[in-house]
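Below you'll find the structure, written out as structure tokens, and then a few comments.
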Amino acid sequence: MQIWAGFMTALVAISLWGGAAHVFSESVLVASPSGVWAFVSSNSGLLVRATLTTAQNAALGFVWGNIAAVIMAGLVTMQPRAERVVSASALVIFCLPLVATGPILRVISGPGSAPQIALAGLAVYYTTYLALLVGLRAMPRSWSDLMSVYGRGSFMTLITVRARASLPYLFAGLQIAAPAAFLGAMIGEFTGAERGLGVLTLRAMRGLDVDATWSLALISATVAVLAYALVGRIGERLVGYAPVIILSPPKPPTRRNIWPGIAEMVAAALFLLLLWQVAMDVFQLNRFFAKRPGDVVRYLAADADARLTLWVALKETMAATIPGFLSGLLLGAGLAVAVILFPKATRVVLPVAVALRSIPIITTAPLIVLALGRGATGTITVVAVMIFFPTFVACLQGLRQAPQQIIDVFHTYGAGPVRVLGAAQIPAMMPALFASAKMAVPAAILAVTTTEWLATGKGIGVLMALTSTTSNYNMLWSCIVAITLVAVVMYAAVLWAERMVLAIYASEQLT
Amino acid sequence: MRTPSIVLGKEIRCAGLTKQFDGAAVLGPLDITFIAGQTTALVGPSGCGKSTFLRLIAGLDLPSAGSVCIGSQSPKEVAKRGALSMAFQDPALLPWRTVRENIALGAKLARKSDNGVDDLIALVGLSGFETHRPAELSGGMRQRAAIARSLVSEPELLLLDEPFGSVDALTRARLNAELPPLWRKRAATTIMVTHSVDEAVLLSERIIVLSERPATVVADLSVTFDEPRTAKLIDGHEFQSRKAQVLRALGVAV
Ligand SMILES: Nc1ncnc2c1ncn2[C@@H]1O[C@H](COP(=O)(O)OP(=O)(O)OP(=O)(O)O)[C@@H](O)[C@H]1O
Ligand SMILES: [Mg+2]
């Protein structure tokens, strides 16, 4: 059934595409199906080799990134006090803009596939970590009581109950991670790899080869969708039971003293600064490109022009990030709600949504910007597209977790779907929405900086690209620090909003 | 007439036990000693703090004041030995485990052998459903599985929170007849919360009636009948007068 629906959607998409290509035949924007077919058939050997290379790097990064995520989530579940420091460090590392870490990793490691694998791992570990953390906590209190009654501690609870209960969440995370790993590997290839789809894409875009760009976009999208579907299928096999229903009594919001929280944040920041300094000293990285915290401070303190350049670029970047971030979230949650209200729409909406998210942003960014212009609209759209799909999937899962008993109670009183939605389903969606919002912060920044770098030539993305080619590593590291700080502030804002809302709806997620 | 088996050092002493949630008193102060090997029924109005009381005895919550001692040990130490088990108001079955696996989990967690699982499955009337998952059971069947899980580890201290709440009258009568000998044979100290006064009188050797929240002791009655007890008792004069006593303590006009 689903395959059939997907097939129909693809058919409709191809006819629309053919029509569009016909209408826009004068523009340099839309390749025709026949042009794509010609490119693919005359370069099939090259394309197969490139796809295999990229897929292999993505798979390696996927494995390493997810192993790291599982270890971190397990640690934090057993030692909740470690959460802030672990989460903050994980977040900051995830927020490091790939546009800048890619070139730096390349300089450090030289030729080879290490940067691609590292970037693929960096692109996935955080989403898996967050999804798993939600899953490990999504447990009715009576289950942990059961373990305590037999005197079993947090480790036994983790392996007998939590690990199994978190599987649906883990697979939701892994499913999102599969296309993300592919995207990460491609960005890694932009930084001077010899082989891979990323290399071909960059070449096609530089040469304004529309047929090639479209062909590569289609191939990457297909691989990403297949990876997504494969992980989903494995998940269905392994999970094998209806997801757990959480019925835990809401806790009244507690006015916690904020100082311990701030102290933990400061501790995490100091820990990261130390890590930065020590890592560079231990590996004896060249001071020319591997700047230390002190170098950045000295540079920014001494050079007023540099401060101004950075500030202007940052403002341009934020002007696209914030609207894109919010509209992506709104669109994702809104569509999930629409799908619940009109279940028949799922069949149409879901395949389209999968396709949209799975098309690696890199290949769509220049096309979207070409279509919508170099102004903010194009970049905002890219960000929204990037965020939309994970949000949609997570919110849909959340909505479907609404306890059936509660929905039944409403139905016995003849309540309509809208009442049920507001009273039972939206509250059940809240934890998922906030988890998506957290994941969306770094995703938005990745999308913005990449788009700026590849297409619009504005903002901090292009500043980072320029400074890495002109070897102005002081500015490059300043950009990294600035953009990371922005990400942390956005993340903190999401956390604050989450505390306000989840305190009412889903207390088991708060520790 | 059975003499209560007083095993020194294993009784449960609650001294000045008090629990508050966010400053509001929910329970106590309670000074009660549960005699080892005895079955005690706790009855009281809904929301008076019975589940809270059981959770304090199980060491799931910490008292705001006062203490619980089991023999010379704290509840947590008893739990660590695998000598404690509890059937919750909500069955708390794991959805990915079959009925049999859920019941065997009680033995596994307490580090005991799971030899008794099949007998218990038959006893609670779940034969034929061993490989079903909780989602495929009725509410009463889930509760029976949870009761079986609490018994399989052969605990010294058994805490039952309305164990028969959603079990039908017939099964309830059968379980009422068959379960108490089981826990008495093992000299388990049993504390059972129930809303059925009949059940309290029929099953227990002592009934403690609690007041409205915050729960304090209104009446503490001992119940002695010829053993083994049978359902025929219910029609007897002695039974009815005990029952009336409990109902009066609960504030029900008789
Ligand atoms: N975690 C909690 N936080 C705040 N109040 C609580 C909490 N748990 C229980 N209470 C309150 O304590 C009181 C006693 O609850 P408890 O569950 O012990 O009642 P109960 O006697 O078992 O009732 P029932 O017979 O209906 O099961 C209730 O008024 C409840 O609102
Ligand atoms: Mg209760």
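Even glycines carry a Cβ here, placed using N, Cα and C.
Here the structure is a predicted model, which means the values were calculated and not measured.
The annotation transmembrane segment is assigned in TrEMBL to A:58-78 (among others).
Residues annotated as transmembrane segment in TrEMBL: A:85-105 (among others). Packing against the transmembrane segment (A:85-105) from elsewhere in the chain are residues 72, 75-76, 114-115, 118-119, 122-123, 125-126, 129, 184, 187-188, 190-192, 264-265, 267-269, 271-272, 275, 289-290, 441-442, 445-446, 449-450, 453, 460-461, 464-465, 468, 476, 479-480, 483-484, 487-488, 491: each is 6 or more residues past its ends and has a CB under 8 Å from a CB in it.
Sequence-distant contacts of the transmembrane segment (A:117-136), counting only residues of its own chain at least 6 positions beyond either end whose CB sits under 8 Å from a CB of the stretch, comprise 57-58, 60-62, 64-66, 68-70, 72-74, 76-77, 90-91, 93-94, 96, 98, 101-102, 105, 158, 162-163, 165-170, 172-174, 176-177, 180-185, 187-188, 390, 431-432, 435, 438-439, 442, 446, 509. Among the features that TrEMBL reports, transmembrane segment is placed at A:117-136 (among others).
The transmembrane segment annotation in TrEMBL covers A:169-192 (among others).
What TrEMBL records for A:212-231 (among others) is transmembrane segment.
If you look up TrEMBL, you'll see A:258-279 (among others) marked as transmembrane segment.
If you look up TrEMBL, you'll see A:314-498 marked as domain 'ABC transmembrane type-1'.
Taken from TrEMBL, the feature transmembrane segment applies to A:318-342 (among others). Sequence-distant neighbours of the transmembrane segment (A:318-342) (same chain, 6+ residues past either end, Cβ-Cβ under 8 Å): 349-350, 353, 376, 379-392, 394-396, 398-400, 417-418, 421, 425-426, 429, 433, 436-437, 440-441, 444-445, 447-448, 451, 459, 486, 490.
Taken from TrEMBL, the feature transmembrane segment covers A:349-372 (among others).
Cβ atoms under 8 Å from those of the transmembrane segment (A:378-396) belong to residues 127, 172, 175-176, 320-321, 323-325, 327-329, 331-333, 335-337, 339-340, 353-354, 356-358, 361, 364-365, 368-369, 371-372, 429, 432-433, 435-437, 439-440, 443-444, 446-448, 451-452, 455-456, 458 of the same chain, restricted to positions at least 6 beyond its ends. Residues or ranges marked as transmembrane segment in TrEMBL: A:378-396 (among others).
The annotation transmembrane segment is assigned in TrEMBL to A:432-455 (among others).
For A:475-497 (among others), the entry in TrEMBL reads transmembrane segment. Same-chain residues lying 6 or more positions outside the transmembrane segment (A:475-497) and placing a CB less than 8 Å from one of its CB atoms are 88, 91-92, 95-97, 100-101, 103-104, 291, 295-296, 299-300, 306, 309-310, 313-314, 317-318, 321, 325, 434, 437-438, 441-442, 444-445, 449, 460, 463-464, 467-468.
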